[in-house]
Amino acid sequence: MGDGTEFVVRSDREDKKLAEDRISDEQVVKNELVRSDEVRDDNEDEVFEEAIGSENDEQEEEEDPKRELFESDDLPLVETLKSSMVEHEVEDFEEAVGDLDETSSNEGGVKDFTAVGESHGAGEAEFDVLATKMNGDKGEGGGGGSYDKVESSLDVVDTTENATSTNTNGSNLAAEHVGIENGKTHSFLGNGIASPKNKEVVAEVIPKDDGIEEPWNDGIEVDNWEERVDGIQTEQEVEEGEGTTENQFEKRTEEEVVEGEGTSKNLFEKQTEQDVVEGEGTSKDLFENGSVCMDSESEAERNGETGAAYTSNIVTNASGDNEVSSAVTSSPLEESSSGEKGETEGDSTCLKPEQHLASSPHSYPESTEVHSNSGSPGVTSREHKPVQSANGGHDVQSPQPNKELEKQQSSRVHVDPEITENSHVETEPEVVSSVSPTESRSNPAALPPARPAGLGRASPLLEPASRAPQQSRVNGNGSHNQFQQAEDSTTTEADEHDETREKLQLIRVKFLRLAHRLGQTPHNVVVAQVLYRLGLAEQLRGRNGSRVGAFSFDRASAMAEQLEAAGQDPLDFSCTIMVLGKSGVGKSATINSIFDEVKFCTDAFQMGTKRVQDVEGLVQGIKVRVIDTPGLLPSWSDQAKNEKILNSVKAFIKKNPPDIVLYLDRLDMQSRDSGDMPLLRTISDVFGPSIWFNAIVGLTHAASVPPDGPNGTASSYDMFVTQRSHVIQQAIRQAAGDMRLMNPVSLVENHSACRTNRAGQRVLPNGQVWKPHLLLLSFASKILAEANALLKLQDNIPGRPFAARSKAPPLPFLLSSLLQSRPQPKLPEQQYGDEEDEDDLEESSDSDEESEYDQLPPFKSLTKAQMATLSKSQKKQYLDEMEYREKLLMKKQMKEERKRRKMFKKFAAEIKDLPDGYSENVEEESGGPASVPVPMPDLSLPASFDSDNPTHRYRYLDSSNQWLVRPVLETHGWDHDIGYEGVNAERLFVVKEKIPISVSGQVTKDKKDANVQLEMASSVKHGEGKSTSLGFDMQTVGKELAYTLRSETRFNNFRRNKAAAGLSVTHLGDSVSAGLKVEDKFIASKWFRIVMSGGAMTSRGDFAYGGTLEAQLRDKDYPLGRFLTTLGLSVMDWHGDLAIGGNIQSQVPIGRSSNLIARANLNNRGAGQVSVRVNSSEQLQLAMVAIVPLFKKLLSYYYPQTQYGQ
């Protein structure tokens, strides 16, 4: 705006011309208005009489027409209005009533327009509002709109009923029918016109001819009644058409521009400077008393009113310095026409959330403010509503003097569509609803207020918070306690939030200053990430999830640059870093590099740090304290020493804990195994897993050359760093028990020959200056910790909720191992073989078989030459006889062996009953000569095509030592020349000559894996046919060791049936599994037997169930007869997944020297295998079968597509 103020006044000649132009168009709607003329006559008379008559009840008619409003500072608003009524205004009212009647009958248009303005730049009150004057209307209504601030004083007409708005059609403003005759007024939704049945807010009338200025609250002058006339006639103008409004504005624009300047000057000459000062001071005090800004759209929706939008048309005067805003009632048609002409302009700025709207009834009870907020620049929107309390009463008084105009002239205040006032609650943030419950019930079809076309919705940040419902007032008195409590809680929360935001802003400034000192810009990746996290934390902590304004970063960056440029404000920041790591990785050298001076002596051949010590210094003006610790050792055997060192470190930092932990390791240390896990777990056990939450991984020797890749080419430096970082980060996650950890990694190079830049800073091969980056990471971690403590955010780390997920134990594997049948250990004299249980079945036939072999005639074997002379039939008979005799001989030998075992068993029992001395003599006599070690035969090795196939191998000896040590042959191992990949050792111990203990172990090692197996077993007999065994197994399962303790009891419940029951407990990793099994073996005969077993295994609430069935059918003379068939069935249920598998294996003799072996297996998932094998010692032509795969391979070379089945 300019410094001057313009008023545009329309002459009577123009008024008549406009009225004549509109007569022809108004005849169209004349018939519709005739129906409501009689009703409107009565209502308008009542409104005018109430508006003027209510003031006469308290005070006589004003006698002094020249009294000004400045003398009524302490009087109510009603008294001020009375004193301001002069005789020429009364006469003008009568003339206005007559003009209104004429206009109503002739459908006349708008009369004069008076503009009042307020200048914010030169100390004069300027209001860029062009209001219509309504001649003859005795209802009062006023409204003002400006770019910055419009304030309006309201007159209250007391009635006992609540104010309501009447919408004749239940539609929007453009469709309402309003008639004004005989000085009576009908109100409709959103136009602000008073209803004669209720208390209404009416605006004082300013006559157009006299030019007398009558200031209202805060120096605001009330517009003429033309505004109300224009608002009432909106419906008529819409029905008449769009042209009327356009013609009206076109005809009056030039004259308004010309006449505006003089009228404005005349009006403001009569307004004293004191009133201007009073008005501005009142506005300032109202703002300071905690007013609340109400959004027009949301208020209209809550009150259920239909508001009329007022569009401001900007008119520039001849000098070009001032702007006059013409306020007209805008219907949808008028909005479109004004948009086409391009007449609607404006300057709408965003309203800050701190700007609230309310009145302070105790300090300044006579003032009210009107604020407007528009979501679209260039257009000022205004919606008029009757504003009242719940019972329809207002206590509005005239303003008091205030002398603070100069402080408010430069501020910009938006125009708010709500007129709010509160007369009994001091600094009340809520705004009283403008619609009473009676109005809501009487007008259920009310629509939301229509906004002018082109106006967008305001920013969500500028919308006020939802207000608490208010209780109805009785006789003008509200529930003061309830409002006061709500105000106190809201104010306290707002103050706390503002204080937190300020502190967080200071943290931002501090971090930006740190980055500036380290030579890092705000666009650095680490800086940007920290600022993003701070903003995100503030948003999560803020009220109602409101987002942080973008100005926070800009303001913080500018403040940081100013403080660093001035160099007067010291930086209140210090950081303590504790360095941990293995011995020799460069901890002390890194500390020396950080301070750029020798703080600790280092030696490449001796251990540098032997005790915990700290050092302080300044780095770029920042106070840094570093704690150096002795080197740690990674092996398992050194963990006890590491615990002593770490406990001393823990005691040292007890009083002053570090802010950051820097764990150092070497970049060029290639280790993909878990060699560092013992050390990391020890650190976690001593300090707790939380030590890794603020840890930074530093990799020294960062200028190392990357190793060669798999194909011999050099790998990239970035890939080398990434792989090494991933290994260390993964190990730390496992040691901390939190797989979410992602510790940042920083590279370090302490060598004096490291490449440097122009500033003398050491640069890594990837171009990074490592020292500022390391310090920035350390400072960022502390800054985030400070913000976390300020915002009181939870870390969600109570103990170890995210413990490392250990692998679930393989329950099916453990259960199948449990179900396997194991032989029980026996004493040396009882090592008779596995067929002891069959001795009883064969005793009945021993006598017959013995006599059968002895009764055979003598038989003489033939030589090869003699057999060559025999015919084919003779040769067959000879071979059959030979085979029969051999079978009978083998049977006889087996019988003799069984008899010998029985005799030896009886003899051993008799020796135990004899005296000890006699038994020793018997053993000495029966003992033979000392055994001589003999070479053991070599194990068969697979064929090898290597040229260095050894012809000589050192053999092991069979000695008399009780330890049996043998090599372990692996036919498919990597060392196919030797085939020995492990060693096996066995020994049998006897405790008290009754309890056998068997110990066996095996170690297998190749280039990658190492497997260990250890088995210890013992058995005790406690009755005939009853025994109990106890065993301990240790074996490698994956990369962990599984320890199993098992026990089994066997007993013979029938002569041909044996039962067994067993338990097992397995410890694997950090899980314990327990299992139970039951087994039954039934021997039907020498040729058929069946074994059934079932069991269950559980761990961590998980269960696995399984069972096996094995049936064996063999030759009656087995093992002399080679026929054998085995049928197996297994069932496993784990996690509801049922696995069923079956297998069959059969061996059938074909002729005298050939066997056919067939195998087949199938499971319930459709997977299976079938194999057939034939071996023979005579039919060598079977080797021709090998031609088949060779022929197929040759075909694949000529027809490659056959290889893929195409």
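Including glycine, each Cβ sits where the backbone N, Cα and C put it.
Lifted from Swiss-Prot, the feature list:
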{"type": "COILED", "residues": "13-33", "note": "coiled coil"}
{"type": "REGION", "residues": "33-75", "note": "region 'Disordered'"}
{"type": "REGION", "residues": "97-119", "note": "region 'Disordered'"}
{"type": "MOD_RES", "residues": "Ser195", "note": "phosphoserine"}
{"type": "REGION", "residues": "233-499", "note": "region 'Disordered'"}
{"type": "COMPBIAS", "residues": "309-324", "note": "compositional bias 'Polar residues'"}
{"type": "COMPBIAS", "residues": "325-336", "note": "compositional bias 'Low complexity'"}
{"type": "MOD_RES", "residues": "Ser337", "note": "phosphoserine"}
{"type": "COMPBIAS", "residues": "357-379", "note": "compositional bias 'Polar residues'"}
{"type": "MOD_RES", "residues": "Ser363", "note": "phosphoserine"}
{"type": "MOD_RES", "residues": "Ser398", "note": "phosphoserine"}
{"type": "COMPBIAS", "residues": "430-440", "note": "compositional bias 'Low complexity'"}
{"type": "COMPBIAS", "residues": "468-492", "note": "compositional bias 'Polar residues'"}
{"type": "DOMAIN", "residues": "572-801", "note": "domain 'AIG1-type G'"}
{"type": "REGION", "residues": "581-588", "note": "region 'G1'"}
{"type": "BINDING", "residues": "584-589, 603-608, His701, 749-750", "note": "GTP binding site"}
{"type": "REGION", "residues": "603-606", "note": "region 'Homodimerization'"}
{"type": "REGION", "residues": "607-611", "note": "region 'G2'"}
{"type": "REGION", "residues": "628-631", "note": "region 'G3'"}
{"type": "REGION", "residues": "666-671", "note": "region 'Homodimerization'"}
{"type": "REGION", "residues": "700-703", "note": "region 'G4'"}
{"type": "REGION", "residues": "824-862", "note": "region 'Disordered'"}
Neighbour count (Cβ, 10 Å) for Met607 (GTP binding site): 10
Cβ-Cβ distance under 8 Å to Gly586 (GTP binding site), same chain, at least six residues away: Leu664, Arg666, Thr700, His701, Val748, Asn750
Long-range Cβ neighbours of the region 'Homodimerization' (666-671) (under 8 Å; 6 or more residues past either end): 585-586, 699-702, 704, 707, 720-721, 724, 727, 747
Neighbour count (Cβ, 10 Å) for Gly584 (GTP binding site): 13
The one of Ser588, Asp603, Phe605, His701, Asn750 whose CB sees the fewest other CB atoms within 10 Å, among these binding-site residues: Phe605
Number of helical, extended and coil residues in the region 'G2' (607-611), per DSSP: 0 helix, 0 strand, 5 coil
For the region 'G4' (700-703), the mean pLDDT of the predicted model: 90
Tally of residues which DSSP labels helix, strand or coil - the region 'G1' (581-588): 2 helix, 2 strand, 4 coil
For Asp603 (GTP binding site), the three-state class that DSSP assigns: coil
